[in-house]
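Per Swiss-Prot, the features are:
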type	residues	note
BINDING	90-91, Q97, D119, N192, 222-223, Q248, 277-282, K288, R298, G357, S359, Q363, 366-367	NADP(+) binding site
ACT_SITE	Y124	active site, proton donor/acceptor
Amino acid sequence: MQVSIACTEHNLKSRNGEDRLLSKQSSTAPNVVNAARAKFRTVAIIARSLGTFTPQHHISLKESTAKQTGMKYRNLGKSGLRVSCLGLGTWVTFGGQISDEVAERLMTIAYESGVNLFDTAEVYAAGKAEVILGSIIKKKGWRRSSLVITTKLYWGGKAETERGLSRKHIIEGLKGSLQRLQLEYVDVVFANRPDSNTPMEEIVRAMTHVINQGMAMYWGTSRWSAMEIMEAYSVARQFNMIPPVCEQAEYHLFQREKVEVQLPELYHKIGVGAMTWSPLACGIISGKYGNGVPESSRASLKCYQWLKERIVSEEGRKQQNKLKDLSPIAERLGCTLPQLAVAWCLRNEGVSSVLLGSSTPEQLIENLGAIQVLPKMTSHVVNEIDNILRNKPYSKKDYRS
């Protein structure tokens, strides 16, 4: 657009010369000359009008803020899809830790706060999370066009053909998800992990097929390496198919390298954005584990023994000490430690959206408050945090320089 305007402005400057040329030709082709002049004037008028609003439009494409809720919206990668910078995830909670009534309350709070992104997966609570999410959307009567619904495929069932990223499971798995969600399509379908048993061309062809069939608008990856994402993009370009637009990756104060080093390079090269999850590191950054593992916490559950071991390990104790050192920064900014952690994730402009996981309305409201903390995340504050964490990743280019 900028190039077109620049060329048009150049044409406007040389308009007198063109008029003289047209006047010389007018004796032989008056109709052609008049048509050319009319077309030129139309282009000039359009160029002037575009010149007045293009800069503002360019800014809004990067980030915009809803006046009523204060929610910020960003593009998902280099696609045109606008997503709220905070989304609501359903892992563990929907169909598991919380009741259907609490799930409805959480979705209502999120929606009324400006959240338009809701993420789920076929494997969450064995499909029940999708059922609950779809039922709430239908009950609330929210306009489908106002929502961005994403789901993930890989673990669909116990049968050998009900998992993986074969063409069969991608198509059948997405059909099953749509039935549970009671939706005609999802906005983004994610490959929930890489599949070494399926050729990349088959995966990309299947994702392109479900998009062409109207079952999804875009497709993305989750837990894929940069090399695997690049391979998918190359295959898509080679065979004129649709490449992925986004990678779902874990990102928090103690997990940084992929989102801060690998994905930015992919974004600039092929336009793949980042949708991140677990901003509180499965609750480790919430502050509840500073004095051990409470009985009512997620880490106390039998199926989360790995989380408990992680917390009580030597590395876990070091992380808790670092969180204590971060608390004064949060107090100075007038926020809680979880709000600081979420705002820290949002300060990364390469992150399109951060998925929140909450089991109570109070937790969700607190985490949504990170939007108000984001303007306070100055370079000085970020440097303070880096000095405490001492885990800032660097690319090979940085080391060479």
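Note: Cβ is positioned from N, Cα and C throughout, glycine not excepted.
In sequence order, P338 make up the list of same-chain residues 6 or more apart from Q363 (NADP(+) binding site) whose Cβ falls under 8 Å from its Cβ. Within 10 Å (C-alpha to C-alpha) of the residue listed as 'active site, proton donor/acceptor' lie the following binding-site residues from T90, R223, S278, A281: T90. Ranked by Cβ neighbours within 10 A across all protein chains shown, the binding-site residues T90, S278 are led by T90. Spatially close to A281 (NADP(+) binding site) yet at least six residues away along the chain are H252, L253, F254, Q255, judged by Cβ distances under 8 angstroms. Y124 (active site, proton donor/acceptor) falls within a helical segment according to DSSP. Residue environment of Y124 (active site, proton donor/acceptor) contains 24 other Cβ atoms, counted within 10 Å of its Cβ in all protein chains. Of all the binding-site residues listed here (D119, R223), the one with the fewest other CB atoms within 10 A of its own CB is R223. Following the DSSP three-state reduction, the secondary structure of D119 (NADP(+) binding site) is strand.
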